[in-house]
Amino acid sequence: MLSIDEHNPESQHLSPLQDGSDDESEASKSDRRRSGARFYSSHFIEAPDVPLTASPAPPELSFLGEVRLYPKITLYSIGLAIAFLLGGYDSVIVNTVPSISQFQKDFGVQYGSDKNDYIIPSMWLSLWSALGAVGQILGALVSPSWQDRSGRRIPMIVGTVISAAAVAVIYTSYLPSDINARRAVFLIGEIISGFGIGILTTTAQTYLSETVPTSLRGSAMALCPTFVLLGQLVGALVVFLSSSGNTSSAYLVTFVSMWPFSAITLLIVVLVPESPAFLVRNGRLVDAHRSLQKLHSSTQDCGQLVKDLQKTDVQEKEENEKIPWRDCFRGTDLRRTLIVSFVSMMPCFFGFSLLSDASYFLQIVGMDDHNSLMMFVLGISLGLVANAVGVWVANVVGRRTLMLSSLSVTSLLWLGMGIAGCWSGTVSIWYTAVTMMFIVVICGVGAWPASFAVVGETSSLRLRAKSQGISTVASDIASIIFSFVLPYVYNKDAGNLGAKTGFLFFAICTITTVITWLAVPELKGRTNSEIDHMFKLELPTRKFKDWSGVDRMDDSEGLMWK
C-alpha cells in the first residue's frame, strides 16, 4: 500500500509504508511505481501489479461541446499558440525588413547610376535567410533532451527570453560605423532569434500534443500554422505602415514591436502548469494531479487521468525500446519514409521560399517598395484564407488529386512569369506580382495542406514519431538550401534573373509533379490498418485509390485484403 501527502515535498516520489521494508532500494521503489502505483488525492490506494485500465470512452460531442467540456485547456491552447504567432511575426519582420528603403541604404550598396537605388548584396541576403533557419534547427535539436530533463515550462520560458534578447541585438545592429559590422551584428541577432524561437515552438508543440485531449488535439495543433501565418500578417502590416520613413527609425520601430509579443508569450508560458505527462514520467504524481486540476474543470476525474498517463508512459517506454531508427529504412517502410520526406519538402519545390521573399523580390523586378509591401500583405492574407479552405478540400477531393492538380497549374503559372520576365515595363512587373498571388492561393488550397495530410498518415504508427523527425529534418535542409541559393539567382549583383526565376521554378515544379504522380499514393479515407496492408502488398502508386481489399481475409489482422 502507498501513501501520498500532498503537503509534504518529500512525498513527491511515492514511498512505501513502514512494513518492514525500510531499506527498500531506489530501484525497487521505481519498480513499484512502474508496476502501477494508484493515486487519487491524499488517500491510501492499493497498488496491484496489473496493467492500468483505460478510462471509458466518453460520448461523442460536437467541437463546441468539447470546448465547453475542456474550457481551461482550450484557453491554454490558444495562449500557447501565441508562441507560434511570435515565431511568424519574428520571421516576417527579419525577412521583410530588407525591403525597406532606409534599411537598404544603411545595410546595402548603391547599384547602378541612380543614387537612390540600393540593394542588399546576395551573400548577406543568403546568410540572413539561411542561418536564421539554422538557428531554429539548433534550437529544435537542443529542445528535446532539455525537455526530458527539465520539463516543458523552463525551455519555453528560456526560449522566449532568448528571443527577446535577440531583438536587442538586432536593434543595435545599426550602431557600428562599418557596414560589414552592421550586417554581421544583424546576422548574429537572427541566429540567436532563430535559436530561441526553435526552442520555444518545439517545446510548445510537445506541450500541446501531450496535454490537450485527443478530441481537441487536431484542432489545437492546427492552431500552430494558422497563428504562424497570423503573426506573419501582423508583422507585414507593421513593416508596411512604418516603411515610409527616411531615417533609421523606419525599420527600428519594427524591431521594437517584437518585444510586446515576447512579453505576452513570456507571461503565458510562466502561467501554464507543467505538463502532467512529464511529471508522471518522472514519478511526481502529486504534482501531476495538481497540474491536471489546473488544466481541467472540477467535473474531470484527475485521479483517473493520472492512471491513464501512467499506463501510456509504460507502453511508450516498452515500444520505444524495441524500435531502432534503422527500421525507417527497411523493407516497405523505406518507401513510406521516402514519400514522407519528399512531400515535406514540397513547399520549397512549389516556390514557398521565393514567395516568402516577395516584398524584396518584387522590388528587384521593378516595383516600388510601397506596392511590393502591399502585395506581400495581400499574399499572406490570401494564404490564410486559402489554408482554411484547403483543410476542408483535402478531405473532400483527396490528397493526391489535390497535389497533382495544384502543382500542374502552378508549373504553368511559373512558366508564364518566366516568359513575362523576358520583357520590361509595368505590365511585366504587375503580371509577376499577380502570378505570385495566384500561386499562393492555388498552393494554399492544394499542395500545401495536402502535403501536411500525407506526411501525417503515410508512415506506420509504430514508426510515426521517428518518420516525423526525419521529415522535419528533410524540410529544414531543403528550406536552408533554397533560402541560401535563391538570392544568387534573382538579385541584381548575381544571377540577375528577376522574374525569369519563374523558369527555374517551372522546371522544379514540373519535376515535382511527375514524382508526385509516380510515388505519392491516394490515402484519403483509409484506416491505418488498410494503409499498412497496401504498403505491405507493394501496390503500385496508382492502385491505392481503387484498392477494395475484398478477395480474402487475413485472420491475424481481421482485415479484408487482396
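Any Cβ shown, glycine's included, is placed from N, Cα and C.
Quantities reported herein were computed from a predicted structural model and do not represent experimental measurements.
Taken from TrEMBL, the feature region 'Disordered' covers 1-35.
Under the heading compositional bias 'Basic and acidic residues', TrEMBL lists 1-10.
Taken from TrEMBL, the feature transmembrane segment covers 73-98 (among others). Long-range Cβ contacts of the transmembrane segment (73-98) within its own chain (Cβ-Cβ under 8 Å, at least 6 residues beyond either end) map to 67, 104, 107-108, 120, 125, 128-129, 132, 156, 160, 163, 170, 190, 193, 197, 200-201, 204, 207-208, 211-213, 216, 220, 223-232, 234-236, 238-239, 251, 254-255, 257-258, 261-262, 264-265, 268-269, 271-272, 295-296, 356-357, 359-360, 373, 376, 380.
Taken from TrEMBL, the feature domain 'Major facilitator superfamily (MFS) profile' applies to 76-524.
Listed as Cβ neighbours of the transmembrane segment (118-142) (distance under 8 Å, sequence separation of 6 or more from its ends, same chain) are residues 91, 94-95, 98, 101, 104-105, 107-111, 159, 183, 186-187, 190-202, 353, 357, 360, 364, 472-473, 476, 479-480, 483-488, 491-494. Taken from TrEMBL, the feature transmembrane segment covers 118-142 (among others).
Per TrEMBL, transmembrane segment is recorded for 154-174 (among others). Same-chain residues lying 6+ beyond the ends of the transmembrane segment (154-174) with a Cβ under 8 Å from its Cβ atoms: 83, 86, 90, 94, 106, 139, 143, 146-147, 182-183, 185-186, 188-190, 192-193, 195-201, 203-204, 207, 248, 252, 255-256, 258-259, 262-263, 265-266, 269-270, 272.
The transmembrane segment feature in TrEMBL is assigned to 186-208 (among others).
According to TrEMBL, the transmembrane segment annotation covers 220-243 (among others).
If you look up TrEMBL, you'll see 249-272 (among others) marked as transmembrane segment.
Tertiary proximity for the transmembrane segment (338-361) is limited to same-chain residues at least six positions away from its ends with a CB under 8 Å from its CB atoms, namely 95-96, 98-99, 120, 125, 129, 236, 239, 372-373, 375-376, 379, 403, 406-407, 410, 414, 433, 436, 439-440, 443, 447-448, 451, 454-455, 458-459, 467-468, 470-472, 474-475, 478-479, 481-483, 486-487, 490, 501, 505, 508-509, 511-512, 515-516, 519-521. Per TrEMBL, the feature transmembrane segment maps to 338-361 (among others).
Long-range contacts of the transmembrane segment (373-394) within the same chain: residues 92, 96, 99, 222, 225-226, 229-230, 232-233, 236-237, 239-240, 243, 355, 358-359, 362, 367, 402, 433, 436-437, 440-446, 448-450, 453, 524, each at least 6 residues beyond the stretch ends and with a Cβ under 8 Å from a Cβ of the stretch. Per TrEMBL, the feature transmembrane segment maps to 373-394 (among others).
Here TrEMBL flags 401-423 (among others) as transmembrane segment.
Among the features that TrEMBL reports, transmembrane segment is placed at 429-448 (among others).
Here the transmembrane segment (469-490) has Cβ contacts under 8 Å with residues 122, 125-127, 129-130, 133-134, 136-137, 140, 328, 337, 340-345, 347-349, 353-354, 357, 361, 364, 455, 496-498, 501, 504 of the same chain, all six or more residues outside its ends. What TrEMBL lists as transmembrane segment is 469-490 (among others).
Positions annotated as transmembrane segment by TrEMBL: 502-520 (among others). Proximity of distant same-chain residues to the transmembrane segment (502-520), defined by a Cβ-Cβ separation under 8 Å and at least 6 residues beyond the stretch ends, is recorded for 338-339, 342-343, 346, 349-351, 354, 399-400, 403-404, 407-408, 410-412, 414-421, 432, 435, 454, 489, 541.
A Cβ distance under 8 Å defines the sequence-distant neighbours of the transmembrane segment (220-243), meaning residues of its chain 6+ beyond its ends; these are 77-78, 81-82, 84-93, 96-97, 99-101, 201, 204-205, 208-209, 212, 250-251, 253-254, 257, 261, 359, 369-370, 373-374, 376-377, 380-381, 383-384, 387-388, 391, 452. For the domain 'Major facilitator superfamily (MFS) profile' (76-524), the mean pLDDT of the prediction comes to 86.
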